[in-house]
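Visitor: These came from TrEMBL, pasted as-is:
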{"type": "TRANSMEM", "residues": "84-105", "note": "transmembrane segment"}
{"type": "TRANSMEM", "residues": "112-130", "note": "transmembrane segment"}
{"type": "TRANSMEM", "residues": "182-200", "note": "transmembrane segment"}
{"type": "TRANSMEM", "residues": "221-239", "note": "transmembrane segment"}
{"type": "TRANSMEM", "residues": "300-322", "note": "transmembrane segment"}
{"type": "TRANSMEM", "residues": "329-349", "note": "transmembrane segment"}
{"type": "TRANSMEM", "residues": "355-379", "note": "transmembrane segment"}
{"type": "TRANSMEM", "residues": "399-418", "note": "transmembrane segment"}
Amino acid sequence: MRGVLPLALLLLLAPFVVVAVRIALRDGAFEFAGDQAVIGLAVREASALAQELGPYSRYGWSHPGPSWYYALAPGAALFGRDDAALVAAGLLVHGLIAAVLVAVVHRSGRPVLTLVTALVVALTMLRLPATFLLDVWNPFALLLSTALLLVLASRARDGRWTTLLLLLITGSHLVQTHVGTAVLVSCVGLAGLVATALGRRDARVATAEQDQPGARGLRRWSTPLLGLLLAAMWLPPVVQQLTAPAGEGNLRRLFSFFVLDRQESVHPTVEQAVIAVGRLLAVPVQGWGPGPWEMDVSTLPASVALVFAGQVFAALALVVVGRRWSSQTAAWTGIAVLVALAAAVVSGTTVTGTLYWYLLVWVCVLPGVTAIGYAQLFLDRRDRTGVTGTVRRMDSTPVLAALAVALAVVVTGLGLSWSRGLELLPDSGGVRAAAALVEDALGSREPGTVYVDIHSDDRWPIGAGLIEDLAADGWHVRVSSTSADLYGRDRVGTGEEPVRLTLIAPDDTELPTVATAGGRDLGTVETENGPLTVFLEETP
């Protein structure tokens, strides 16, 4: 059965790779605006080992760390560093996380469970909107990572240091990518620590690892390497905090916002958070889309209440029955899911202001993780009943072949869904039009330093796309102080740079002032955010 893991990974990764290549090689330009464009610029910085912080927040701080950017950087470089390459890179990263999840489950030595896990992962992704795994926006980067976090926590009972380190690395990635997962990571991480301590107390890790050829040699290099990776993940944000001017450190800003200033903000109630969690649990279960950005948390529909109650009951049953049937992994899966549910509700109550669904989108993977737990429970039960014939039949070639065929069918559907979903990605004609104006005006000039002033705040998404394009063309971009939260204070310029671009809405009351400042009017273009006028000033 040694070929089961390669087969499962080959089938599972096929849609990730095929669709990634398709988007990277497709004809026609592809332009991101807004958040995705800012991410593209940050990935470019990460490629030069110059990115210290995570995605920006409109509240004046950045998410704790740049792990999402550094994960995207190799794939983006491989496919050409444009926005299509960014999408392709995102798919490869998601595929890697899915592969690690399946490999972690495979360590139990159950060929059937390996294929079932791959099948559940593929089905979960198929039930989610296609853009969830195609869009590089950081909230969507949390989905498979959350599933991996819970699977690792459920298997921490083996007492292996590698499992614990993988748990800490995955949790660090989640927190760095979106600080809203801090409660989830803290609670599930604590459960994983407890499970690890119990596993080592029972001294089961030694027996489990001695039974595997090469396990001792594998531990010699994997444990220190994982430890180094964990330390390296936190080096950039710690360096930024220590080297920033007084009051400008990002970790300090996060602490001030979430701890010191919390009492001054408005937050959702527990009831509203429960409704939000229920609606997101229903997305993969009932095949719904998440709906408008601002969730309706005024009422709890019966269908949503049923899904929420069903998820709670399923996780509780997994704990109770798992303990009764001596299936530790299944029981700990139930514990991890219950902890994640509680963390989701608490996280919902910590949101400042409006409760948008993307803040809790990681909840969508909980039903899939629960299903993996039940597969583990079923197989453990079969092993412990002494019905050896049944166990052999479960691992027989016909059963494995049937699961492989089912997986092939699901991943084919997943690939088709993602291929159609490529047309739903936010391709910005406005950025393309604005970039064409600027390229025509600067085409004969060697790239140097350019100052970009996004004068009308509501046109910032187009400005973000233009800035990303300028950086891709070799320009060193500087921005006004009003854009510091987006691009970092190191990128703030003086306004005296040799090339200066001003982006302003035609109906902006300050347009006459900008027009008389000596800049050349390059023209006005239509964008998704409204008309945009571009002015250019050049110093010889």
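Heads up, the Cβ atoms here are built off N, Cα and C, so glycines get one too.
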Visitor: Taking a Cβ cut-off under 8 Å, which residues six or more beyond the ends of the transmembrane segment (221-239) line up next to it in the same chain?
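Guide: Non-local partners: 51-54, 64-67, 161-162, 165-166, 168-169, 172-173, 176, 250-251.
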Visitor: Could you tell me what the rest of the chain brings near the transmembrane segment (329-349), counting residues at least six beyond its ends with Cβ under 8 Å?
Guide: 108, 146, 150-151, 153-157, 180-184, 186-188, 191-192, 195, 267-270, 272-274, 276-277, 311-312, 315-323, 355, 359-360, 362-363, 366, 369-370, 372-374, 376-377, 380
Visitor: Give the one range among 112-130, 182-200, 300-322, 355-379, 399-418 whose Cβ atoms make the most pairs under 8 Å with those of the transmembrane segment (84-105).
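Guide: Per the Cβ under 8 Å count, 112-130.
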Visitor: With Cβ-Cβ distances below 8 Å as the criterion, list the same-chain residues six or more beyond the ends of the transmembrane segment (300-322) that contact it, or say none.
Guide: 274-275, 277-279, 281-282, 285-286, 328-335, 337-338, 341, 366-367, 370, 373-374, 377, 380
Visitor: Against the transmembrane segment (112-130), which of these stretches has the most C-beta pairs under 8 Å: 182-200, 355-379, 399-418?
Guide: 399-418
Visitor: For the transmembrane segment (182-200), what are the same-chain contacts with Cβ under 8 Å, counting residues 6+ beyond its ends?
Guide: 146, 149-150, 152-154, 156-160, 163-164, 167-168, 171-172, 174-175, 332, 335-336, 339-340, 342-344, 346-347, 350, 362
